[in-house]
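The next block holds one structure in the form of structure tokens; read it before the comments.
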Ligand SMILES: *[C@@H]1O[C@H](CO)[C@@H](O)[C@H](O)[C@H]1NC(C)=O
Ligand SMILES: *[C@@H]1O[C@H](CO)[C@@H](O)[C@H](O)[C@H]1NC(C)=O
Ligand SMILES: *[C@@H]1O[C@H](CO)[C@@H](O)[C@H](O)[C@H]1NC(C)=O
Ligand SMILES: *[C@@H]1O[C@H](CO)[C@@H](O)[C@H](O)[C@H]1NC(C)=O
Ligand SMILES: [Zn+2]
């Protein structure tokens, strides 16, 4: 069969070269592009300001493969070839790699990883806001092992704080910012085993309003907030959407009462969300679904805003604080789409996530706002074959496999897409693989894909973003963000005379040891000027 392969490859090369862009055949195209990139980098100066604001964007399960494929898709959705498109996150000047393992597992989950990058301490699988001496699901082991997050450190520093997610707000990533829980699954009190209640543990929803005073809360998860049987306002006839609490508490009402005297809005739909004026609103809680939000491709824009809009609203509300803010934005359903083996959904979620990053850059200033983009862990998606330039990233490789059947460029190591028909894989010849419900082939059958263990990227822009560099442990991210914004325990470099402002002179370099010297120097210079 070797000849078939040879002919195939020759055909591929012939077709490939006819598809290449004409300007790319000119070597000067590549040289001038590289020269311009080089020039930009040579003129790049580290930004050593204090970060007044920090925005952390977490793409849950956003592996590097996901980023590459989503970049191509983002370009193709704009009728470009895609490979050379530039996502917003691609423009960040500083990039590093992050080791994601947890204390007990080589490949981690979102709870252990969120505790690492938000609280600065690696911990065990399934545990939130506790150190590794706490045991998964054991309430008693939680006591005394709590660790706090940068959300709290920022609030303690009199900044405003917020969380935006596309999942339920009690889900692992957002929950690690405000709760301490031996189990990530204790969303509401009905999820706690009797022993955990007896030992004094409280559910994640209760902790949402009882721990750090959070200014902006946007996501899903209404059903964990209301008494059992409470009808959902959007799906009153759906039994599974009804309230789940056994203790009879209505956390939403309690939250509103706690904020009495402030302008605090609770909204659950687009109309009310749009009517929230950031200029006059102190607190916002927006819960758009009983559980997780819908995938971006399935979203009803008349009922729910996009992650771009929720990110914008959060920033506009938080931005009013002259001390600055900390905001966590999670693209939480990239991971969930991957778990279902749905490449289309995962990539569209990632594209929307990147647009949200773009919106954040539009609304903030690079001189005072540190923006960090990362993923918590990887997913077993691969991107393979020899597709032509400009070919749909959701399509099939031009060359068939040895079983004379086509295969998609995107596939999974494991997941629900594994299928054998009469002992061989299904023939995709007449299947449209570009639809939103298509499930990519997986080598090994699992009900849901597992996470995968290779490093993830961290990309950063703004004050002290050069700290996000090299190959680092995941818990380093919390420390670097805290250092950059002068919050948390380590503030030895943050002299009291240095306030986070736009003034280039008030920077961290001056604060670290050089502060006294530079002040002395300016006094001397002034004297010289006066007496000359
Ligand atoms: C892309 O091209 C199609 C077909 O030519 C057109 O209908 C669509 O509006 C274009 N989209 C954009 C974003 O330019
Ligand atoms: C609220 O927090 C306080 C102090 O952390 C704690 O003592 C109390 O049990 C918590 N209450 C609930 C209902 O979670
Ligand atoms: C949105 O929520 C408000 C407050 O509950 C309600 O009055 C309004 O009818 C809702 N809008 C829609 C379109 O459901
Ligand atoms: C499986 O093989 C049998 C016997 O060759 C054939 O009758 C049947 O149609 C095959 N099934 C599929 C789904 O291809
Ligand atoms: Zn996951």
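Numbers here mean position along the shown chain, with the first residue as 1.
Cβ atoms are placed via backbone N, Cα and C, with glycine included.
TrEMBL labels come from automatic prediction, so no person has curated them.
Residues or ranges marked as active site, phosphoserine intermediate in TrEMBL: 110. What TrEMBL records for 60, 335, 339, 376, 377, 451 is Zn(2+) binding site. Residues annotated as Mg(2+) binding site in TrEMBL: 60, 171, 173, 330. What TrEMBL lists as signal peptide is 1-24.
Long-range C-beta contacts of residue 377 (Zn(2+) binding site), restricted to its own chain and to partners at least six residues apart, with a cutoff below 8 Å, comprise 61, 100, 107, 108, 109, 110, 113, 451, 452, 453, 456. Other Cβ atoms within 10 Å of the Cβ of residue 339 (Zn(2+) binding site) number 21 in total over all chains. Among the binding-site residues 173, 335, 376, the ones whose Cβ sits under 6 Å from an atom of ligand 5 are, in sequence order, 335.
Residue 335 (Zn(2+) binding site) falls within a helical segment according to DSSP. Its Cβ taken as reference, residue 173 (Mg(2+) binding site) is surrounded by 28 other Cβ atoms within 10 Å in the chains shown. Within 10 Å of its Cβ, the residue among the binding-site residues 171, 451 with the fewest other Cβ atoms is 451. Taking the Cβ of residue 60 (Zn(2+) binding site) as centre and 10 Å as the limit, one finds 29 other Cβ atoms among all the protein chains shown. The local packing around residue 376 (Zn(2+) binding site), expressed as other Cβ atoms within 10 Å of its Cβ over all shown chains, amounts to 29. For ligand 4, none of the binding-site residues lies close by, meaning a CB under 6 A from one of its atoms; the full candidate list was 173, 376, 377. Residue 171 (Mg(2+) binding site) sits 11 Å from residue 60 (Zn(2+) binding site), taking the CA atoms of both as reference points. Listed in sequence order, the residues of the same chain lying 6 or more apart from residue 335 (Zn(2+) binding site) and placing their CB within less than 8 Å of its CB are 60, 61, 62, 110, 376, 379, 451. Note: the CA-CA distance between residue 339 (Zn(2+) binding site) and residue 330 (Mg(2+) binding site) rounds to 17 Å.
Counting Cβ atoms from all protein chains shown, the residue listed as 'active site, phosphoserine intermediate' has 28 others lying within 10 Å of its own Cβ. In the shown protein chains, 29 other C-beta atoms lie within 10 A of the C-beta of residue 330 (Mg(2+) binding site).
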